[in-house]
Amino acid sequence: MVQSSVLGFPRMGVLRDLKKANEAYWADKISQEALLAEGKRLRLAHWQIQKDAGVDIIPSNDFAHYDHVLDHIQLFNAVPERYTSQKLSPLDEYFAMGRGHQKGGVDVPALEMVKWFDSNYHYVKPTLQDNQTFSLAQDPKPVREFLEAKEAGFQTRPVLVGPVSFLALGKADRGSSVNPITLLDKLVPVYVELLKQLKAAGAESVQIDEPVLVFDLSPEVKAAFKPAYEAIAAAGDAVPKVIVATYFGDIVHNFDVLPAFSAAAGLHVDLVRNPEQLEPVLKQLGPNQILSAGVVDGRNIWKNDFAKSLQILQTAVKALGPERVIVATSSSLLHTPHTLASEKKLPSDVYEWFSFAVEKVKEVATLAKAVTEPEAVKAELEANAAAIKARTDSKRTNDPAVKERQAQVTPEQHNRKAPFDTRYAEQKKHLSLPLFPTTTIGSFPQTSEIRVQRNKFTKGEISTEEYERFIEKEIELAVKIQDELDLDVYVHGEPERNDMVQYFGERLNGYVFTTHAWVQSYGSRCVRPPIIVGDISRPAPMTVKESKYAASISKKPMKGMLTGPVTCLRWSFPRVDVHQSVQCQQLALALRDEVVDLEKNGIYVIQVDEPALREGLPLRKGEEREAYLKWAVDSFKLATAGVENSTQIHSHFCYSEFQDFFHAIAALDADVLSIENSKSDAKLLKVFIDEEYPRHIGPGVYDIHSPRVPTLDEFKQRIEEMLAYLKPEQLWINPDCGLKTRKWDEVKGALSHMVEAAKYFREKYANKA
């Protein structure tokens, strides 16, 4: 019999219940006991959903109050001393690492947070010391949650981040130089002890995630798998059976590592992202090993094409037999919304095209039955085929006018009218900017009042005129505060925007929208990605009205704010029937019209954000990566190249690890780049010197993901570090990212220190001159 399994389930709940509970705890509105009780309620509900769907292998330890990697940092007592020394409760220590802590005499920043592979989910990076030790936490979370499930009648398979991936995804702390993978010998015994405790608790099998197997691995990381898994195998029957899980790519290039898993019960591979790896993987499996076939997409919302999936599964069953095949999600369902049943406003003709987490667990169970008992699920198979055909035949997907415009795009449309030196000379004269100019990345706090008024407007409780006047008042407030702070380039604060992608999607043809399809991005931060269902075009200006009004009441340059084509694509649920490069070019053409309209209306600094550019980078070097960079860069340039030399184009990027594709960053030809950098080593900026980067750069000087307000000295120290790698005339001073999630007192405190620090260096370098 073919079994079914889910690699992980979304944590937030139907109505973002976990987000609300976490934030209530942080605001001292509920107790620790109440928060933990809500976490337990959600876990029990999610296990029940999977059991009711008929899933055979249900995961545990996939739940996290903030992040699953952060869970492991605390699980292995790999918490840096700056947190342990504060004597916080375990829960508060956990949140301090995730979001910082500035309360009750304790002042510690958060650990670095980066994207989880090429997804929009963020994980907290293990941060390790030269003298690092590991030990198993008392009452280990994976054991506790396994027993919790067992007591409630659920036999689960605990999920762990594997020892090699945990270390390979970590980094040395500031002041340390340790290569994390060299700590393997210290960490593996702790894993073995954890596995023994899980076996003693009754766990029959465990899912150990080693997603780094999809990367191009260094020799040191490759060599680490053998001793790690030999040590686990040496424990014999004292530990559960191990299923090694990989996802987000193929593992064919790392087949030389697979002998390390010879004692493992099975291997999971992602057959959505790379179905072509099936045949070679089948040949690599040992005589009794199980294949967990990831055929239900854990990263997108389209209904599974049962006919295609069954072809893959039947190939596997023919090679191995039904007892050695498990039908699974391609990855954790963490990256998908909770349930389609909550969506009451989707157009009826597209509703049946989609499948969210609750629906996907049903797909997994249906496919497992369909492999050997198709008659038992005949009705489900027929309904699925009808839905797939309806989407294929739909007229929603094709707009001849969009295709005609794409066919007329020329190479010249991708280039600015003059090189940077010429442009900057005109911009300097036009904008009158000082040395070390200060700005923000775009958004200001989305207060409860803004959310309430937006909700009233959406429900029709206030008129368009009332809502627009409210937005104007919020813009006036943002401009007034920037006047008081004495920033150099202003933003309007984006009070009218619900999300940096959804807002634009709602104003473009080719999108549909949900009401409750929230997906966790980090911590309690959730996003509601729009869905691309057809060809994309801009029927009318999207941001001009608000930006023009802001500029009319501002005494300094006002920056127009747009989300770039790559990010609009990556932070939507894209089509699967058209290549992403085609969708990205359509977005670029729509944004090109918006950029030109902003300039026509007196906006001469325009920021086109591309925080997802690196996220979209294929995980391995080679032709696929270069092809991606070509169409991604072309799309950005197509969107931004239609303006005059005197108009300054900015762009914003998440993370500063650009070394492996710096040529593409340079090719964007943006006048100013701002990058998320506050928790990264300033040495990463050295690439801008090494590559003789000529344009301007704004490395983030403080972490906006944390409520903590850095001191003036911290700002000065950070800017001093940057000046070791950047020329003064290149450097802009700005936060890491937008300030949407912060409170006004936090924003004012941090920005006032930031501006004061910039003025200090401005005076210092003016005196040098």
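The chain as shown is numbered from 1 upward.
Backbone N, Cα and C atoms are what each Cβ position is placed from, and that goes for glycine too.
Residues or ranges marked as active site, proton donor by TrEMBL: His705. Annotation source TrEMBL lists 5-methyltetrahydropteroyltri-L-glutamate binding site at Lys19, Asn120, Arg525, Cys526, Trp571. The L-homocysteine binding site annotation in TrEMBL covers Ile441, Gly442, Ser443, Asp609. Annotation source TrEMBL lists L-methionine binding site at Ile441, Gly442, Ser443, Glu494, Asp609. Marked as Zn(2+) binding site by TrEMBL: His652, Cys654, His663, Glu676, Cys737. Positions annotated as domain 'Cobalamin-independent methionine synthase MetE N-terminal' by TrEMBL: 4-318. Residues annotated as domain 'Cobalamin-independent methionine synthase MetE C-terminal/archaeal' in TrEMBL: 436-759. Per TrEMBL, the feature region 'Disordered' maps to 389-421.
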Neighbour count (Cβ, 10 Å) for Arg525 (5-methyltetrahydropteroyltri-L-glutamate binding site): 13
Spatial neighbours of Cys737 (Zn(2+) binding site) among the binding-site residues Asn120, Ile441, Gly442, Cys526 [C-alpha, 10 Å]: Ile441, Gly442
Integer Cα-Cα distance in angstrom, Ser443 (L-homocysteine binding site) to Lys19 (5-methyltetrahydropteroyltri-L-glutamate binding site): 21
Inter-residue C-alpha distance, Asn120 (5-methyltetrahydropteroyltri-L-glutamate binding site) and the residue listed as 'active site, proton donor' (nearest angstrom): 15
Same-chain residues at least 6 apart in sequence whose Cβ lies under 8 Å from Asp609 (L-homocysteine binding site): Ile441, Gly442, Met500, Met561, Leu562, Thr563, Gly564, Thr567, Ser651, His652
Non-site residues, in chain order, whose CB comes within 8 A of the mean position of the CB atoms of Ile441, Gly442, Ser443, Glu494, Asp609 at L-methionine: Thr440, Val491, Met500, Met561, Gln607, His652, Cys737, Gly738, Leu739, Lys740
Cα separation, Cys526 (5-methyltetrahydropteroyltri-L-glutamate binding site) to His663 (Zn(2+) binding site) (Å, whole number): 32
The region 'Disordered' (389-421), counted residue by residue under DSSP: helix, strand, coil: 22 helix, 0 strand, 11 coil
Using Cα positions only, nearest of the recorded positions to Cys526 (5-methyltetrahydropteroyltri-L-glutamate binding site) (Glu494, Cys654, Glu676, His705): His705
Nearest-integer angstrom distance between the alpha carbons (Cα) of the residue listed as 'active site, proton donor' and Lys19 (5-methyltetrahydropteroyltri-L-glutamate binding site): 15
